[in-house]
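Feature annotations, courtesy of Swiss-Prot:
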BINDING   K26, 72-73, 99-100, K103, H105, 124-132  5-phospho-alpha-D-ribose 1-diphosphate binding site
BINDING   F34, F35, T128, R156  orotate binding site
Amino acid sequence: MKAYQREFIEFALEKEVLKFGEFTLKSGRKSPYFFNAGLFNTGRDLARLGRFYAAALADSGIEFDVLFGPAYKGIPIATTTAVALADHHDVDTPYCFNRKEAKNHGEGGNLVGSELEGRIMLVDDVITAGTAIRESMEIIQANGADLAGVLVAIDRQEKGKGELSAIQEVERDFGCAIISIVSLTDLVTFLEEKGTDAAHLESVKAYRAQYGI
């Protein structure tokens, strides 16, 4: 685990974006942890968040032309990531996001920002069922662009309804790389290194043993 990944977990815990306990997911599973990126909700939070996304992009080595943030949660993520790439990596990247409903006045259409062209890096908070990615792919393909990859904050590394995770299903269906700032494996490593949350560590390990990929 790299320094920025450890710092991201500490940041998420500090802001209570990442919590340990017992949580019922939409799937009905009881999870020992929960991640709610909507709680990164101040200017300073977003500035820090963008730096972590930018660090993960730089670390990945994936080449892309435009950042795309799917409405709604992906919009501030794409914006702050573009700023962080410019400020901290000297990379001036165009960004774009979609509207849920197309406008028929002014500039019109359902896209805001740069042209959606070339190789697209999609940024979002998490992938649960992959629905947002599939909807975004329709937009990307309709504009004649290609999906270079997807970056999310956390990869839960757990099975969906079948043997694959939602992320693995997206990788299989669209042939693109899915990267994350951190993964469940990183979370376990963090708890092991910290050594003060034995109960949480054991519950996360048990969950991984049952649902992990």
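Each position is counted from 1, following the chain as shown.
The backbone N, Cα and C atoms fix where each Cβ goes, and this holds for glycine too.
Structure coloured by features recorded in Swiss-Prot.
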residue: K26; record: 5-phospho-alpha-D-ribose 1-diphosphate binding site; CB count, 10 Å: 7
residue: F34; record: orotate binding site; CB count, 10 Å: 15
residue: F35; record: orotate binding site; CB count, 10 Å: 18
residue: K73; record: 5-phospho-alpha-D-ribose 1-diphosphate binding site; CB count, 10 Å: 17
residue: K100; record: 5-phospho-alpha-D-ribose 1-diphosphate binding site; CB count, 10 Å: 9
residue: D125; record: 5-phospho-alpha-D-ribose 1-diphosphate binding site; CB count, 10 Å: 20
residue: I127; record: 5-phospho-alpha-D-ribose 1-diphosphate binding site; CB count, 10 Å: 24
residue: T131; record: 5-phospho-alpha-D-ribose 1-diphosphate binding site; CB count, 10 Å: 10
residue: R156; record: orotate binding site; CB count, 10 Å: 25
Binding-site residues clustered about R156 (orotate binding site) [Cα within 10 Å; pool: K100, D125, T131]: none
K26, K73, K100, D125, I127, T131 filtered to the binding-site residues whose C-alpha is within 10 Å of F35 (orotate binding site): D125
Spatial separation of F34 (orotate binding site) from K73 (5-phospho-alpha-D-ribose 1-diphosphate binding site) - C-alpha basis, Å: 17
Local backbone state of K26 (5-phospho-alpha-D-ribose 1-diphosphate binding site), from DSSP in three classes: coil
Three-state secondary structure, T131 (5-phospho-alpha-D-ribose 1-diphosphate binding site) (per DSSP): helix
Cα-to-Cα gap, I127 (5-phospho-alpha-D-ribose 1-diphosphate binding site) vs F34 (orotate binding site), nearest whole Å: 13
Cα-to-Cα gap, D125 (5-phospho-alpha-D-ribose 1-diphosphate binding site) vs F34 (orotate binding site), nearest whole Å: 13
